[in-house]
Amino acid sequence: MGGRQPLSLGVDQCFERSVVMHELMHAAGFIHEHSRSDRDQYINVHLENADPANVDQFNKMAPWQNQLLSPFDYDSIMLYGSMTASGNAQPTMLTKDGQLIPEVWEKPGLSQGDVHGIWAAYGCRQGGK
């Protein structure tokens, strides 16, 4: 957190509320849920299906690089969907039981986990006050 934070809205989704919220979460200091150091306990990442130009979108952090303030959140607006950055129309990520993950623009907004993460990161009491 701190300093300049570039934001990018894709041309195809720039008017999707959830995509804007996703980018604002980055500006607030949040990482992708699928970048967490513990992600392999919850999802399978299929780099063989990723567009080579976007493989870096699936980098996993080392445990010392992230602070896990909440459990892994499948509903998080910070978790890419299964087809994000696919180079061959096959899923780039699936849950451990093989389920598809909804795309960011399909999510209604912040999950309860996202809200609790914001509260924890910014020292807010429950209710955000």
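Cβ atoms are placed via backbone N, Cα and C, with glycine included.
Predicted automatically and left uncurated, TrEMBL annotations should be read as such.
Taken from TrEMBL as is:
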DOMAIN    1-125  domain 'Peptidase M12A'
BINDING   HIS22, HIS26, HIS32  Zn(2+) binding site
ACT_SITE  GLU23  active site
Chain-mates of HIS22, HIS26, HIS32 with C-beta within 8 Å of site centroid, Zn(2+): GLU23, MET25, PHE30, ILE31, ILE77, MET78
Count of other CB atoms lying within 10 Å of the CB belonging to HIS26 (Zn(2+) binding site): 15
Which residue, of the binding-site residues HIS22, HIS32, has its CB surrounded by the fewest other CB atoms within 10 A? HIS32
Secondary structure content, the domain 'Peptidase M12A' (1-125) (per DSSP, counts of residues): 43 helix, 8 strand, 74 coil
Take the C-alpha atoms of the residue listed as 'active site' and HIS32 (Zn(2+) binding site) and report the distance between them in angstrom, rounded. 10
